[in-house]
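Chemist: Below: one structure in structure tokens.
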Amino acid sequence: MADTATAPLLANHRAKLAKAPSIDDTIETYMGTTGAGQLLKAVLLAFAWAFDAQQVFISVFTDAEPLWHCTGADASCSSASASPCALPAGAWVWDRPAVTSVVSEWSLKCAGPALVSLPASSFFAGCLAGGFLLTTLADSLLGRRKMLLTSIVTMSVAGVLTAFSPNVWAYAALRFVSGFGRSMVGTCTMVLSTELVGKKWRDTVCVAGFFCFTLGFLSLPALAYTFRDASWRNMYLWTSMPSLCYSILIYLLVQESPRWLLVRGRKQDAIETLQQIASLNGNSITSSFSMLHACTMQQDAAAASGGSDSNSVFATLRSMWERPWALRRLAAIMTASFGVGTVYYGMPLNVGNLGSNLYLSVMYNALAELPSSILSWLLMGRINRRSSVIGLTAVAGLCSLACVVIPQGAARMAAELVSFSSTCTAFNVIMMYSIELFPTSVRNSAVGLVRQALVLGGVAAPVLVALGRHKSFLSFGVFGLLIGCFGMFAACLPETRGKAMSDTMDEEEQKEAAVANCTVDDMDSTCGDLV
């Protein structure tokens with residue numbers, strides 16, 4: 001009797017999960033095996049991360065505080081002085097032409113840490129504002145592809161205009177606009193590239209994006225050294241113009257996500273996109289689109305049940321807010337992301353406080369991202385996401401705290417590199433983790449919010465770096481505490497490695513309910529797949 005009473009409950013959950021064909025499985029069926037041509041397009045798409053990295057870290061060089069020396073005109077002048085601010089005019093000069101940095105060109109050295117850090121903080125504030133205002137557009141009105149193009153063009157045009165800034169206020173304002181446009185580049189690139197390839201290649205495409213980000217970061221020391229005696233404005237021109245040309249390639253070559261098209265009910269557009277992808281993979285779709293019709297009917301029914309607000313720009317945010325499990329996931333991963341973002345964006349800006357060569361220090365930090373990309377790929381394929389985030393943030397926090405007590409030298413540089421490399425790996429894993437935690441219908445919005453939590457850490461980082469020039473605990477110490485403590489919030493998240501990605505909130509909620517009903521006595525193959 002007990003068996004007959006409990007069996008239907010679990011059977012109902014299984015029936016709901018198998019009620020209609022999954023969009024994920026349907027797309028896989030029609031696309032066929034991901035071929036070299038489609039992979040090449042995904043890698044081309046991932047290259048947007050390179051331009052993203054350049055705009056994120058370009059201020060390390062353009063806003064650097066140059067070295068100075070005495071001219072001999074004043075006997076009281078000493079280059080060992082903490083600051084030349086108290087010296088009379090003509091008693092000292094910059095080691096290089098004043099136009100090499102905004103600090104020297106606009107005489108910001110003695111203006112205080114708030115004004116010196118204003119352009120970098122404005123950029124991250126723009127990223128934060130753009131993330132919250134634009135993140136839902138990629139899930140609702142514009143889609144992944146149009147949102148990506150809009151973001152790249154906005155970021156690039158603002159970068160070109162930045163090269164002609166007449167003063168620090170215009171410079172900070174344009175950096176805000178650049179950050180506002182840039183806010184969706186990484187999110188749309190990652191989501192679109194993973195939705196254009198099969199399950200087997202998602203981790204690889206993600207890592208390709210991280211690798212391209214490293215290439216963009218690594219290009220900055222080379223550019224800065226090339227223009228070391230020229231105006232800082234060259235840096236913005238040589239990073240912004242190529243990204244404008246790149247946006248034309250994306251417009252001509254990259255398709256919209258067929259998964260997003262189906263979720264939005266645009267069946268005919270999805271069919272045309274799938275035919276293009278299948279043709280690129282060397283396949284031809286000869287069967288009917290009956291599975292696709294079933295998926296579309298399911299999405300239409302879900303939209304109808306959602307009411308008139310189902311197509312609202314903020315419907316995706318509302319759907320997450322109304323579901324406790326989604327809100328818990330979002331709060332936990334955003335908290336962990338804030339700690340990671342503070343160190344990820346703060347460490348490269350803080351290399352000037354290490355007391356070593358600026359070009360070499362930035363190059364070392366950029367090179368540290370290469371092994372982190374490889375390690376991310378290994379971790380995502382073999383180790384649980386949750387354990388990876390907790391372990392990596394703990395290592396990053398301890399090494400950052402070690403930089404407070406280790407004197408300047410090779411040992412301190414090594415600790416900083418280990419901390420930054422661990423943070424980069426945690427950053428990569430968190431981004432993939434956030435893609436798997438949320439279904440297609442809200443994925444771009446959720447990933448966008450996670451990235452905004454990372455950027456929020458970046459807003460605070462320049463101020464901490466400026467304060468850390470006088471007391472290292474205010475930079476390295478705070479970095480270590482934030483990433484170590486906030487990374488522990490990943491323990492509140494479910495594990496997603498090896499699990500199929502859901503398409504709708506209802507589907508994910510049914511999985512949550514099924515997992516809740518899977519007890520120790522019920523651990524058959526179905527429950528094993530769910531938990």
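Cβ coordinates are placed from backbone N, Cα and C, and glycine is handled just like the others.
Nobody curates TrEMBL annotations by hand; they come from automatic prediction.
Values in this document were obtained by computation on a predicted structure and should not be read as measured data.
Residues annotated as domain 'Major facilitator superfamily (MFS) profile' in TrEMBL: 38-498. Residues or ranges marked as transmembrane segment by TrEMBL: 114-135, 147-164, 204-223, 235-254, 326-346, 358-380, 389-411, 417-435, 447-467, 473-493.
Where in this structure would I find these features, and how exposed are they?
Modeler: Along the domain 'Major facilitator superfamily (MFS) profile' (38-498), the predicted structure has mean pLDDT 81.
Under 8 Å from some Cβ of the transmembrane segment (114-135) lie the Cβ atoms of residues 55-56, 59, 63, 65, 102-103, 108, 147, 151, 168, 171-173, 175-184, 187, 345, 349, 444-445, 448-449, 451-452, 455-456, 458-459, 461-463, 465-466, all in the same chain and six or more residues away from its ends.
Here the transmembrane segment (204-223) has long-range neighbours at 39, 42-43, 46-54, 56-58, 60-61, 186, 189-190, 193-194, 197, 235, 238-239, 348, 359-360, 362-363, 365-367, 369-370, 372-374, 376-377, 380, 424, 428, 431-432, 435, meaning same-chain residues at least 6 beyond its ends whose C-beta is under 8 angstroms from one of its own.
Long-range neighbours of the transmembrane segment (235-254) within the same chain, counting only residues 6 or more positions beyond its ends whose Cβ lies under 8 Å from a Cβ of the stretch, are 41, 44-45, 47-48, 51, 54-55, 58, 61-62, 145, 148-149, 152-153, 155-160, 162-163, 192, 196, 220, 223-224, 227.
For the transmembrane segment (326-346), the residues of the chain that approach it from at least six positions outside its boundaries are 56, 124, 319-320, 389, 393, 396, 400, 419-420, 423-424, 426-427, 430, 433-434, 437-438, 442, 446, 449-458, 460-462, 464-465, 475, 478-480, 482-490, 492-494, 505, 508, judged by C-beta separation under 8 angstroms.
Residues 57, 60-61, 64, 203-204, 206-207, 210-211, 213-214, 217-218, 220-221, 224-225, 347-348, 351-352, 388, 413, 416-417, 420-422, 424-425, 428-429, 432, 497 of the same chain sit 6 or more residues outside the transmembrane segment (358-380) yet have a Cβ under 8 Å from a Cβ within it.
Residues 186, 190-191, 194, 202-203, 206-207, 210, 333, 336-337, 340-341, 343-344, 347-348, 364-365, 368-369, 371-373, 375-376, 379-380, 385-386, 388-389, 392-393, 395-397, 399-400, 402-403, 443, 446-447, 450-451, 454, 479-480, 483, 487, 493, 496, 501 of the same chain lie 6 or more positions beyond the ends of the transmembrane segment (417-435) yet place their CB under 8 Å from a CB of it.
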